[in-house]
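One structure is given below, encoded as structure tokens.
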Amino acid sequence: MVEHFAVRGGARLSGTVDVVGAKNSVLKLMAAALLAEGTTTITNCPEILDVPLMADVLRSLGCTVTVDGGTVSIDVPAEPGAQADYRSVSKLRASVCVLGPLVARCRRAVVPLPGGDAIGSRPLDMHASGLRKLGATTEIEHGRVVAHAEGLHGAQIWLDFPSVGATENILMAAVLAEGTTVIDNAAREPEIVDLCTMLQQMGAKIEGSGSSTLTVHGVTGLQPTEHRVIGDRIVGATWAFAAAMTRGEVTVRGVDPHHLDLVLDKLRSAGAHTDIAPGEFTVRMDGRPNAVDFVTLPYPGFATDLQPMAIALSAIADGTSMITENVFEARFRFVDEMVRLGADARTDGHHAVVRGVERLSSAPVWASDIRAGAGLVLAALCADGQTEVWDIEHIDRGYPRFVENLRALGADISRVSTDPAR
Ligand code: UD1
């Protein structure tokens with residue numbers, strides 16, 4: 001069976017939505033469990049496909065993993081395997097984050113190179129050069145990253161760009177290296193802070209969490225822990241954009257509103273009213289949004305993962321918006337699908353110019369990645385007639401209970417299964 005979403009536009013979203021743990025945090029926390037023998041338990045995990053896929057990667061390394069609703073328990077043996085299974089890794093790009101922990105724990109790692117991605121090339125050069133500075137050798141052999149280290153030692157590492165994945169891999173190797181490592185121009189995303197918090201609970205010595213300089217004093221061993229994943233700011237922001245676009249009123253619970261300071265400020269510039277309280281926020285929009293410009297940058301800049309939502313909002317805004325993409329070059333590919341929905345949008349290099357229209361018009365569209373898919377659904381909520389959104393397995397990878405949450409807020413959306421043979 002093939003599934004798509006059928007979305008009928010026009011509903012005003014209202015109500016409260018609960019957001020669970022962040023996809024981009026939980027997968028790294030699961031990898032970090034490899035750093036200590038014994039059972040690490042992670043709670044508030046989102047029930048999305050990537051979590052069982054990561055569990056398979058860890059099982060291929062000798063761990064016993066149970067996934068029970070939002071709780072994942074990982075029992076790590078004294079000597080985990082160093083070779084991740086190709087089939088598991090190929091389905092999950094984020095599985096490359098086992099590289100750092102494996103080098104630290106086993107002094108050896110063989111991780112198949114994850115495949116390409118619809119949002120642009122995702123090289124691993126900064127991951128590899130950071131691990132080399134810590135004393136590892138890294139080679140690409142037969143489509144796999146092969147890393148060896150006699151022993152890891154502290155180093156001064158300057159990243160060319162504050163890459164989330166490279167910061168995480170280097171950090172997870174440095175916590176067990178001998179001596180002090182300084183990672184400069186480190187990523188500052190809340191998910192990195194979450195990883196630092198869990199590593200600290202395991203006994204790691206890290207200073208500067210949340211800043212662009214991370215100082216890590218290596219220790220000889222770590223202990224397993226129990227940790228609750230931070231709320232998913234990208235999911236929370238998606239609901240905030242949905243409220244603003246449908247002229248609705250939505251309260252989002254379970255996300256730290258400070259992780260969305262810039263996003264909520266942009267929505268206020270677009271005309272929304274926001275109420276902020278500890279662990280929750282409300283967005284209300286009474287009229288048509290005003291056009292605002294967006295520039296994606298590493299945190300605390302506007303997240304590239306929210307760029308499709310920014311395009312969707314701009315598509316129905318009053319005026320012209322310029323959206324600049326600075327992180328993933330191919331992320332504008334989905335704009336053609338927005339044009340199919342009647343958006344007046346054109347791209348040139350890493351800029352998109354969107355002239356807002358009063359109303360979009362329904363059409364069949366295809367999701368190319370998680371966030372592009374969510375952006376298309378938001379646009380469909382503001383389109384005349386019924387839009388079919390296809391390739392929704394991408395959306396399911398990032399948004400637990402996507403349809404259920406939208407329906408509870410009053411959206412007219414359903415999941416439809418069809419038999420392609422008929
Ligand atoms: C993570 C997130 C993704 C988000 C992105 C940026 C996960 C699972 N995914 O991806 O949702 O969009 O952060 O916030 O957490 N780069 C290099 N060389 C490297 C590493 C990265 O050139 O060695 C480049 C990439 O091509 C990209 C930029 O750096 O242009 C940022 O990538 P990075 O921050 O590493 O993103 P990911 O960790 O892959």
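Residue numbering: from 1, along the chain as shown.
Each Cβ is built from the backbone N, Cα and C atoms, and glycine gets one as well.
Per TrEMBL, the features are:
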- Asp117: active site, proton donor (ACT_SITE)
- Lys23, Asn24: phosphoenolpyruvate binding site (BINDING)
- Arg93, Asp305, Val327: UDP-N-acetyl-alpha-D-glucosamine binding site (BINDING)
- 7-406: domain 'Enolpyruvate transferase' (DOMAIN)
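TrEMBL feature annotations superimposed on the structure.
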residue: Lys23; record: phosphoenolpyruvate binding site; DSSP (3 states): helix
residue: Arg93; record: UDP-N-acetyl-alpha-D-glucosamine binding site; DSSP (3 states): helix
residue: Asp305; record: UDP-N-acetyl-alpha-D-glucosamine binding site; DSSP (3 states): helix
residue: Val327; record: UDP-N-acetyl-alpha-D-glucosamine binding site; DSSP (3 states): coil
- Give the sequence-ordered list of residues that share a chain with Lys23 (phosphoenolpyruvate binding site), lie 6 or more positions from it, and have CB atoms under 8 Å from its CB. Pro46, Ile48, Asp50, Asp232, Ile234, Arg397, Gly398
- Note on the structure: Residues near Asp305 (UDP-N-acetyl-alpha-D-glucosamine binding site) by Cβ (under 8 Å) yet at least 6 apart in sequence within the same chain, in sequence order, are Ile234, Ile370, Arg371
- Query: So which of the binding-site residues Asn24, Arg93, Asp305, Val327 sit close to ligand 1, that is, with a CB under 6 Å from an atom of it?
  - Reply: Asn24, Asp305, Val327
- Message: Among all protein chains shown, how many Cβ atoms are found within 10 Å of the Cβ of Asn24 (phosphoenolpyruvate binding site), not counting that one?
- Response: 25
- Message: In whole Å, how far does the CA atom of Val327 (UDP-N-acetyl-alpha-D-glucosamine binding site) lie from that of Asn24 (phosphoenolpyruvate binding site)?
- Response: 16
